[in-house]
Amino acid sequence: MQRTLGTCYYPEHWPSEIWADDARRMVDAGLTWVRIGEFAWSRIEPQSGKLNWEWLDQAIDVLGQAGLQVVLGTPTATPPKWVLDKHPDMLAVDANGNPRKFGSRRHYCFSNAGYLDECRRIVTLLAERYGQNPFVAAWQTDNEYGCHDTVISYSNAARDAFRHWLRTEFHKPGGNAGDIDALNSAWGNVFWSMEYSDFDDIDLPNLTVTEPNPSHALAFRRFSSDQVVAFNRVQSDILRAHSTAPIAHNYMGRITEFDHYKVGADLDIASWDSYPLGFLEDRVGASPEHQRAYARQGDPDFQAFHHDLYRAVGRDRWWVMEQQPGPVNWAPYNPIPLPGMVRLWTWEAFAHGAEAVCYFRWRQSPFAQEQLHTGMLRPDSVDAPAIVEARQVSAELAAAPDVQPYRAPVALIFDYDADWAWAVQPHGQDLSYFGLIFDTYRALRRAGLSVDILPPDSDTFDDYSMILAPGMMHMSDTQKKALANSSAQVVIGPRSGARDSNMVIPTPMPPALPDLDVTVARVESLRPDMPIPLNGGGAVTGYFEEVEGTATATLQTEAGHAVLMNNDNVYYLAAWLDDPGMDRMVGLICQAAGVRTMSLPEGIRIRDTATERFWFNHSTIPIKTEVGELRPADVVRVSKE
Amino acid sequence: MQRTLGTCYYPEHWPSEIWADDARRMVDAGLTWVRIGEFAWSRIEPQSGKLNWEWLDQAIDVLGQAGLQVVLGTPTATPPKWVLDKHPDMLAVDANGNPRKFGSRRHYCFSNAGYLDECRRIVTLLAERYGQNPFVAAWQTDNEYGCHDTVISYSNAARDAFRHWLRTEFHKPGGNAGDIDALNSAWGNVFWSMEYSDFDDIDLPNLTVTEPNPSHALAFRRFSSDQVVAFNRVQSDILRAHSTAPIAHNYMGRITEFDHYKVGADLDIASWDSYPLGFLEDRVGASPEHQRAYARQGDPDFQAFHHDLYRAVGRDRWWVMEQQPGPVNWAPYNPIPLPGMVRLWTWEAFAHGAEAVCYFRWRQSPFAQEQLHTGMLRPDSVDAPAIVEARQVSAELAAAPDVQPYRAPVALIFDYDADWAWAVQPHGQDLSYFGLIFDTYRALRRAGLSVDILPPDSDTFDDYSMILAPGMMHMSDTQKKALANSSAQVVIGPRSGARDSNMVIPTPMPPALPDLDVTVARVESLRPDMPIPLNGGGAVTGYFEEVEGTATATLQTEAGHAVLMNNDNVYYLAAWLDDPGMDRMVGLICQAAGVRTMSLPEGIRIRDTATERFWFNHSTIPIKTEVGELRPADVVRVSKE
Amino acid sequence: MQRTLGTCYYPEHWPSEIWADDARRMVDAGLTWVRIGEFAWSRIEPQSGKLNWEWLDQAIDVLGQAGLQVVLGTPTATPPKWVLDKHPDMLAVDANGNPRKFGSRRHYCFSNAGYLDECRRIVTLLAERYGQNPFVAAWQTDNEYGCHDTVISYSNAARDAFRHWLRTEFHKPGGNAGDIDALNSAWGNVFWSMEYSDFDDIDLPNLTVTEPNPSHALAFRRFSSDQVVAFNRVQSDILRAHSTAPIAHNYMGRITEFDHYKVGADLDIASWDSYPLGFLEDRVGASPEHQRAYARQGDPDFQAFHHDLYRAVGRDRWWVMEQQPGPVNWAPYNPIPLPGMVRLWTWEAFAHGAEAVCYFRWRQSPFAQEQLHTGMLRPDSVDAPAIVEARQVSAELAAAPDVQPYRAPVALIFDYDADWAWAVQPHGQDLSYFGLIFDTYRALRRAGLSVDILPPDSDTFDDYSMILAPGMMHMSDTQKKALANSSAQVVIGPRSGARDSNMVIPTPMPPALPDLDVTVARVESLRPDMPIPLNGGGAVTGYFEEVEGTATATLQTEAGHAVLMNNDNVYYLAAWLDDPGMDRMVGLICQAAGVRTMSLPEGIRIRDTATERFWFNHSTIPIKTEVGELRPADVVRVSKE
Ligand SMILES: [Zn+2]
Ligand SMILES: [Zn+2]
Ligand SMILES: [Zn+2]
C-alpha cells in the first residue's frame, strides 16, 4: 500500500486566477489528494434548480491537470437558504423544542423527507456530471455526521419516523402493523402506567418530568442512528450507480451518536477528522494536569484510538481526511502545536495503517466561522509552518518501505449500541462507555501493545491472543458463545451482558456466560473520592459489581470481594479499575496469553506494522528508550528484521 | 404502640402465579404491611371508562389471605396516556414555558380542573370497591407530592387559578370581587410602576426581566401549596366517605414547596420515603468531605430530622412508607450501604416513634426507570441483603418492649411559609431556611438532645424547656406573644419576624418582640470565606444582622457587635452561626433551661423514648461511648430504668 | 467647578405629608440634588391617556422650595401594564426565543415601534409640563440602559429592523435598496453556503447549530447598539426642545452592549451608578482571594476606571447618579461596607472630576424588589450610616478648594465596538476586551498614574506622553495614522487592527501599521495554567501572537519570541501579559515617555487633579506611604504646591 498526503481546498473562496498556482504548490509540497466541494451548494445551485457547474468543472480540471486527484464532497451538510425556504420544517429540533436556525451548518433533521428529496436530487446531479470525470478519484458523502450534536432531533418528522420505526421493530408476525402489546411488554411500560394503546401514542423522550423509560430512550437512540445510516445510504447508492471511485465519509472524533460501522458498511473508505489539540481541550475528558502537560501535543492515545477504530469501520481502508495543521478556532483554548507535532501526527496515522493524510485546510480563510483555523498557507498565501512539516513527511515517505497489512495481538471490541445504553443509564455521574473503553485502551498502550478494534458482531477471534469486551451492555447469545469458544484470553465486563435487547435486566442474572459461574448480584456506583483498593495495588473506581459464583477470583479487593473472576481463559471483570488496576489486569491477562508487555515512559508510545516498529515521543522533554533518546515530537522507525 | 414492618409491592408487574409465594415470603420475613396500587391506573382502567378490577381483587385477596394488611394507593401520580389525550392541557409547565411531557410520572398540573375530575372519578371508584374490604387496612393518596419539582406549574390553568386565589386573599369587605388596590398597596406595586388595574392583569412570576416582586413571588408559592392541599383533600374526602381505614400520604425528603402540615391535617397518618444514601448525594447539601465520610451510611441527622418533622405532621402517627434497602438508581452516585445500615435506619425510625417501616421495594424491577433500584429480593427472586437485615429487626422487635409516647425537652419550629420566603429572597447565595433549621437541629443532636418539631401555629409551649424559632420570616403578633409568654427559654432569629404577611418590612422594625428591646438596623450576607469570629469561639457565617437595643448581649463578635441578645428567657439571635457557634449557643441556652447536654463523638447519635435511650453509630469505625464500644452501624438500646 | 451631593427619591412611595420633612433633612445633610420620577409612570398615567400630574407638581414644588434642585427622570424603563396590553409585542425576546414578561422592569424591546411611540408621547408630556419649571435643573433619560441584559433582543421587531439596518449599511451606490451581493462578499457567506439572495433572508444570529458567522454576529451587535442610541435620541430631542436644563443618562457598571459615547453625544452629562461591593461580587471578575480581600471595600480600580470612562463619555461633564450607601440586595453576597468607604467612594469620584455624587436611595424601601437595598435612612426613617458619612463629605467639600480641569499624562483608548468583536470571537474561553483594558488600566494605576480614557475616534493625542490602544480589533487607516504620527509613546496590540470593518482578516496581514515592520503570522489562546515566561520576569497569559518583522524586540519570551516590538515611539504588543508583565511594559514605556512611576502598595491608589493629589487606602489595614500612614478607608488630599 502506498501512503499519500493531501489537503482540503475551497476553490469557491478564491479567485480562479490563483487556482493553478495553488495546485502547483500542492504538488510541490508532495500532496496527492485535494478534497473539494463539500460546502459549495450555494455556488453550485444558487437558486432552486439553477445550476452553475462551470466554476467547478474548471476547478477540477485545473487541479487534475496539475497532477492532483480530487476527492469530491456532496454538499448536503450546508443546504442554502432557499432549501430551507422550500422546506421550513427541515430544521432539527433541540431537546427544549427549539428548531436550530439557519446561519451556520448541519441545519437539517435526518428524518425530514423534503430535505432528503433535495439531497437525492443534488447528489444525483453531481454524480451524473462527475461520475466519470478522470480527476475525481474518490467521493465524500456530506461532512462530519453528528458534529455539533446533530444526530438527535426532536422534530415532528423524527417523532413520526420513530413511530414507524417502532412498528417495524415490534411487528406482528405475519402482518405489517406493529404489536403495541409486545412493545409495552418488552419495555415494561406497566411500570408507572406508561402503557400505550397505539404506536401513535408514543412521543419522543424529551421534556419528561423525570427520566423516561430507558427502553424508550435507547430505542430512540437506535432509531436516530438508523436515520443517519439511511440518509447516507441514499447518497452512497447514487454515487455508486454513477462512479467506480471509492466513497468515503469523514467522521468526527468522539462522535458516538450513530453507528459508524453501519454507515461504513455502505462505504469503501472510512476517514476521520483529527484535531489532537482541539480534542484534548474539548472532548478527551482528561484531568487539567494532563491537559496542561499535553496542551501543545494532544493526548498520546486519543488519535491512536480513532485510527484503530476507523481501520475497523473501513475494513482496513481508512484515511485522515482532515489533519490539524496548527491552532484551531473552536476549542476553549487553541494553542500552537509543538514544532514537529504535525509530522508526528501524520506518521502516527501511517503507523496505524492510514492510506492518506489530508491537511485541513490549504489556506487559512480570512472570513467566516473558521477564520482563526490555521492552514498550510496563511491568509496572505505565505507558507505556514504546517506545509514545512508536510514537505518533510513527503520526503520521508518517498524513502520509506511500503506498508504490509498487520494484525495486532490484542483486540478490543467497540460497540456503539453499548455507548447509547450507558448514556441512557450511566448509573453514576460521568460514567460512560467511551470512557471505559478508552481507559482500557490506554492501559494496553502503556504496556506497549498494538491493538485492533473490532465491531460487536465479530465472530472470528482466532487471530488474537487476547480479546477485551468491557461494558457491552447487551450481548447476544451468539456473541457470548463466540467469545467463550475462542482460544484467546477473553475479558468480559464490567456491565457486559447486563441488559437484554430492550434494556431490561435478563434472567438468569448477568453476565450468564457459558462455562463461567459468575453472577452479578448487585451493582453500585462510587464517588470519585471513594476508590476501593485492590489487594496488591490499584483500585476500583467509579463502578463496582458484587459477584457470586465458583469461578476463580484472580483479583480481589482488600476486603476480599472478587474483582476479576475466570474459568481458564474466560474472565469476567466486575469493576471499573483505575490506571494502576488496569495495568495489573492487562499484565495478568498478557502473561496468560503469552503476550510480551513493556512499561512505556510517560509520553512514549509505540505502534507496530508488519515490518516496522514506530516510536513516538508525545512529551515536551527528551526521553531515553531502548531505541535511544527521543527528542520531543520525535518519530523513530525501527525495522523488525 | 406496636411497631411493624412492611414493603411496597407491584403485583401488576409479576405473573399472578407467584403472588402467593411472594406473600408467604413477606410474612415469613416478619412483614405486616404491603403497599400496592399507586402506579397501576393503566391496569385498573386501560381505556377511559373500561375498568379492570379482577386482578386487583385477586391480588388483595392473595395478600390478605396470607396474613398481610394492605395499604392501597390511589393511582393519580401516574395518569395513563388516554387521560392526557382527554385533557391535553393537564401537563404542568416549567419556568421556561415548556409543558413537561408524558413518559415518566407526576405529569400533571395541580390546577387543571379536567385532571382533577378524572382523579375524583377514579378515587371514587377505588373507594367504592375497596372501602369495606377487610384486607385494606390503610390508604395512600397519590405518591410523593412535589417530587421531581412538580408543585410549581406555570400553566394557564395555574395562572387563572392564581388570579382567583388572589381575589380571595384580597377580597373587598362585604363583596365577592377582589380589591386590586389593596393588593397593589400590600405588595408595594408602585415600585417600578407594577400596579395592576385588575386581577386579570396579574401574570405568573416567571420569565421576568429581573427578579419579580417578592410579594408576588411569595403569593404564588403560597397559592401553589394551597393547590396541593386542595388536590389531596378531594381524595381524602372521598376515601373517608367510603372507608374507616386511616389515610396517609408518602412525603419525600426535603420537599418543601407545599405545606405538609396542611396536607397532613386532612390525613390520619404522615409517612415519608427515606433514602439516606440518595439524599446525602443529592439534597443534604453537605461538604464533599462529609459526603465521602457518610457515603455508605447517609447523613447522621437528615433522617432523624424528617422523622421528627413527620411526627409533627402526623400528629404523632407516622410511618416510613419507603425505606432504602440497598443502592438506589437516581442519585449522582449510588453506593451499597454499609452492612447493618438497613437495620440501623429501621430502628432509628422506631426510636423516633414510627408505627411502621416499609421497605421499598419487595423485588427489584428488571425493567423501566427503577431497574437499578434494589429491593428485598433480586430480580431473579433470590434474597437480597435487605431482607436479611429486615428479618433481624423483625426478631428484635418481637423481643422489644412496647413504645410509650415521649415528649422531648427541646422544640424547634419548622415553618414551610418561611422556607418559601427565604427561597424568594435568600439575600445571600445558597442561604436557605431549611439549611438554617437543619444546622440548628444538628447542633441540638450533637449535644445529645432529642427534639420535637412544632408547626408554626403552635401556641402551647409549656411542656418544653427550650424552644427555637429561627428564620420565621413572618410571625403573627399572636405567635410572638405566645412565645414571649412561654416559661421556656425561647430563641428567635435570625430573620424572624422580618416581614409582614405580604413580604414587606414592617414598622416598627423587626423583630418587634414584646418585652425585648432589640431592633435589627441593617442586615448583610457574607461570602463563605469571610466568617466573623465570635468573642470566645465560633463565628458568624453567611448572614449577619446589626442590632440595636438595651437587651443583654449574651454573645458578641470579637469586634463587639451583639449576636445573641436577651431579656430573661427570651433571646434574639442576630446571625447564622457556624457549627462551633451553634454549639456555644445551644450550650448556653440549655444551661439556662436546666437541660443536660453531652458532646457526642462524630457519627454517634442518641434518641430517647419514654422508656429507652437508643445509641446509633453512623460512622465506619468502632467508637467508645458511655454505653460501651459501638461497632459501625451498631444500635444499642438502654433502658431508662 | 463646584462639587455637589444629592440623592434619589421616590415621593410616590411615601405619604405626601412627610415630603417636606424629607426635603429638609436632605438639605440639612448638605445635599444639592434630588433625582425623582424615573419609575413613576403608573402614577403619572395610571390608565392610557389619563394623566395625573398633581402629585408630581407638588413633589417638585416641595423639594424645590426646600432648596433642592430636581433631576427629573423619564419613566420609560418601567412601562405600566396597560402599555403592554396596548403593545403585546413590545417585550424583548431572549436568545432561546422566550419573551421576557411583565413584573419587574426594562420589559421592552428597543426595536418596537409601538413602544417607541408611547415613549415619545409620555416624554413630550413630561417635557411640556416641566420644561420650564424653575426647580427642574436636569433631566435623566430612562434608567440604566442595558441593565439585566436588555440591549439584545431576538424579537421579530428586532429582526425586521436589523434587515433594514443592513440594507442601509450595504446600500447600493445611487439607490435605496441594499446590495445583498456586497453583504455576502463582505461577510464571506460563500463559506458554508450561507449566501443570501435578499436582505429578508437574514435572520437573527441566535439558535444556530454551531456559531454564526462572526461578521453576522458583530453586525447584529452594532445594530443593537444603534437601536439604543436611536431610542435615547428620541427622548433627548424632545427634552431639548422644551428645556435648557442639561440632560443625562445613568449608565450601569460594565455594561458594554451599546456604545456609550454615541448615546453620550446626544446628552450633556454622563452619569453612572456606582455599586462597588455589588460589582466586585458579580462583575469585576477577580479571583476569590481578591474578592475576599476587598469584600467590604470594593475593587480599588473598578470605580476609578468607570469614573475615567464616563468623564470621556460626558466630555468632562459627569456624575455618579447612584452611589452605593450600604449593603445592596442584588449581588451573590451583600456585605456591609467598611466604615468610611461611603466617604472614600464619594471623594474618589470627585478626585476623578465628578460634578455631583448622588446616593441611592434616600430611604430604604420596605416593599418590592429592592427592600434589602439600604438607603441614607432606614425604612423607619432613622438615619442610616450613609447619611453620617455624607454629612462629613459635605462639610469637607465646603472647606476644599475648587476643582480645576486636569489632563492626565497617559491615555487609554476604550472602544465598545472592540468589546463586541471580542465577545463574538474571544478565541480563548473567558478572554474579553474589557478584561484586557482593565488589566492594562490596573497596571497604570499600580504605577501611580492618572489616566484619561479616550474614545476610539480620537485624533488629537499631543497632550499625552503615552497612549495605549490594546485590543482594538478594527482600526481605520485614519486611526492608525493618527496614532503613528503622534509624538507620544504609542502601544498598540494585541489584536489591534486584526480585522477589517466587517470582521474579516485583512491583507496585508495585521497590524499593518505605518512605519512599523511587524506582522502577526499566527495567534494562539492559552490555558490559564500555561503562562509563557518573559525573559527577565513576567509572563504571557491567555493569548499570544507569533510576530515577524524587522522592528526592535523590546520584550521577548524566554524562548526568544518577540512580545513587544517597536520602531522609535510606536510599539506593537503581541500578547496579553500577566500583572508583572504589564508592570514591566508600563515601566518601560513610561521611561521612554519620561513619565515618573511609583510602585504603590497593595490597596493604595492615587489620583491627581490640577491642584491636588488624592491618596486612598482601599485596604483593611493601615499602610505607610510617602504622605504618612493611611488608615483603612482613609482619604488624604495633598496640595500640589
Ligand atoms: Zn418540506
Ligand atoms: Zn381538560
Ligand atoms: Zn404595538
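Placement of Cβ uses the backbone N, Cα and C atoms for every residue, glycine included.
According to TrEMBL, the domain 'Glycoside hydrolase family 42 N-terminal' annotation covers A:8-398. Annotation comment: TrEMBL describes A:Arg105, A:Asn143, A:Trp330 as substrate binding site. What TrEMBL lists as Zn(2+) binding site is A:Cys109. Marked as active site, proton donor by TrEMBL: A:Glu144. As annotated by TrEMBL, active site, nucleophile applies to A:Glu322. As annotated by TrEMBL, domain 'Beta-galactosidase trimerisation' applies to A:408-595.
Recorded features from TrEMBL, shown on the structure.
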residue: A:Arg105; record: substrate binding site; CB count, 10 Å: 23
residue: A:Cys109; record: Zn(2+) binding site; CB count, 10 Å: 28
residue: A:Asn143; record: substrate binding site; CB count, 10 Å: 24
residue: A:Glu144; record: active site, proton donor; CB count, 10 Å: 21
residue: A:Glu322; record: active site, nucleophile; CB count, 10 Å: 24
residue: A:Trp330; record: substrate binding site; CB count, 10 Å: 16
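Listed recorded positions (A:Arg105, A:Cys109, A:Asn143, A:Glu144, A:Glu322) with a CB under 8 Å from any chain C CB: A:Arg105. Within the set of recorded positions A:Asn143, A:Glu322, A:Trp330, the entry lying nearest in space to A:Cys109 (Zn(2+) binding site) is A:Asn143 (CA atoms). Rounded to a whole number, the C-alpha distance linking A:Trp330 (substrate binding site) with A:Glu322 (active site, nucleophile) is 15 angstrom.
Computed over the domain 'Glycoside hydrolase family 42 N-terminal' (A:8-398), the whole-number mean pLDDT of the model equals 97.
For the pair formed by A:Glu322 (active site, nucleophile) and A:Asn143 (substrate binding site), distance between Cα atoms is given as 11 Å, rounded to the nearest Å.
Taking only the Cα positions, the spacing between A:Arg105 (substrate binding site) and the residue listed as 'active site, proton donor' is 11 angstrom.
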